[in-house]
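Engineer: One structure coming up, written as structure tokens, with questions to follow.
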Amino acid sequence: MTSTRAIRTVHTVAALREQVRQWRADGERIALVPTMGALHAGHVALMDAAREKADRVIVSIFVNPTQFAPTEDLSRYPRTLEADLDKAEGAGVALAFVPDVAQMYPEGFCTTISLSGPALGLETDFRPTHFAGVATVVAKLLIQALPDIALFGEKDYQQLQVISRLAHDLDLPVEVVGVPTVREADGVALSSRNVYLSAEERAAAPALYVALTAAARRITFEATTADAVEEAHAAIIAAGFELDYLEARHAATLAPIASTMEGPVRLLVAARIGSTRLIDNVAV
Ligand SMILES: Nc1ncnc2c1ncn2[C@@H]1O[C@H](COP(=O)(O)OP(=O)(O)OP(=O)(O)O)[C@@H](O)[C@H]1O
Ligand SMILES: CC(C)(CO)[C@@H](O)C(=O)[O-]
Ligand code: BAL
């Protein structure tokens, strides 16, 4: 069957590499936007930023099993490939790389990346195997596509710092670019997992961003982080969430930080409401 789409879809590393080889021969600059699909306006912002910085944009769509713990939502994670291809095409993406699990993890696959630094604490305290899975799949994608730049959302702020460090430490010849979080009008960060929220849970969801921005304002005044974090903690619990973490960290290293005198501060939160786990973060 011949596709009528302007976007080309490939499923194998060999086909991805052949397309990249042709573009490189034409002297074109290439951007990669890694995703797990279920694309929304947050992903489109990454693609738009990629279009501004490169001649050709590749989006990868792969729900990576190795970053999910056995108890997590791998089986129910939203999968909307046709709508995703429409959105990517609308955003001017030239190529969708849509591998299956056997393509990414063939029989006998047994290599993972071991992390420290920005991977310590926060998400890792609650999803201990998560970043090893993310780092391994992102390293594979970067080596498969060899883009000039790769774009990631600040919504997953710890992931962005882990990947920046990974690319630097492994001398991957790619510039890692962070893109600001796209939010709903009420402040809720767009996320594929928002579809899990009931109407009542969705109504409570802005509490995360409201509490974070209030804490950021207070820290700007007081310099110290502890009291503002405690106040935000209480506000989020009062809104009906169970808190995994709410912490002030150094914006680049993600080391714990007590005051703005020690460096730039980022506030990061993960909280659960019903069966949904949301994350968010703001700069101070
Ligand atoms: N609201 C957003 N603003 C900017 N970037 C985003 C936003 N949501 C996701 N991204 C980025 O899109 C890329 C792909 O993310 P992913 O496919 O996991 O989507 P997601 O909405 O974050 O889903 P999940 O619910 O799994 O967290 C990541 O770099 C992520 O940070
Ligand atoms: C970077 C990523 C595509 C790796 O699977 C994923 O963690 C995501 O969507 O943020
Ligand atoms: N956007 C992060 C992917 C995950 O939570 O698995």
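Here the Cβ of each residue, glycine as well, is placed from N, Cα and C on the backbone.
Checked TrEMBL, it gives:
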ACT_SITE  His43  active site, proton donor
BINDING   36-43, 153-156, Val182, 190-193  ATP binding site
BINDING   Gln67  beta-alanine binding site
BINDING   Gln67, Gln159  (R)-pantoate binding site
Engineer: To the nearest whole angstrom, state the Cα distance for the pair the residue listed as 'beta-alanine binding site' and Val182 (ATP binding site).
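Structural biologist: That separation, Cα to Cα, works out to 23 Å.
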Engineer: Output the one of Gln159, Ser192 that, of all these binding-site residues, has the highest number of other Cβ atoms within 10 Å of its Cβ.
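Structural biologist: Sorting the candidates by Cβ neighbours within 10 Å, the top entry is Gln159.
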Engineer: Tell me which of the binding-site residues Met36, Leu39, Val182 sits in the most Cβ-dense spot, judged by other Cβ atoms within 10 Å.
Structural biologist: Leu39
Engineer: Check Val182 (ATP binding site) against DSSP and tell me helix, strand or coil, would you?
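Structural biologist: SS state of Val182 (ATP binding site) = coil.
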Engineer: Looking at the binding-site residues Leu39, Gln67, Val182, which have a C-beta within less than 6 Å of some atom in ligand 1?
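Structural biologist: Listed by sequence, the hits are Val182.
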Engineer: Looking at the recorded positions Leu39, Gly42, His43, Gln67, Ser192, which have a C-beta within less than 6 Å of some atom in ligand 3?
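Structural biologist: Only Gln67 meet the Cβ criterion.
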Engineer: Gly42, His43, Gln67, Glu154: which of these recorded positions has the highest Cβ count within 10 Å of its own Cβ?
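Structural biologist: Counting every other Cβ within 10 Å of each candidate, the maximum falls on His43.
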Engineer: Round to a whole number and give the Cα-to-Cα distance in Å for the pair Met36 (ATP binding site) and Gln159 ((R)-pantoate binding site).
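Structural biologist: Roughly 14 Å, rounded to the nearest whole number.
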Engineer: Can you tell me which of these recorded positions sit near ligand 2, meaning the Cβ is under 6 Å from at least one of its atoms: Met36, Leu39, Gly42, His43, Val182, Ser192?
Structural biologist: Met36
Engineer: State the Cα to Cα distance, in Å, between Gly42 (ATP binding site) and Gln159 ((R)-pantoate binding site), rounded to an integer.
Structural biologist: 15
Engineer: Could you measure between Ser192 (ATP binding site) and His43 (active site, proton donor) for me? Cα positions, answer in whole angstrom.
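Structural biologist: Spelling it out, the Cα of Ser192 (ATP binding site) and the Cα of His43 (active site, proton donor) are 10 Å apart.
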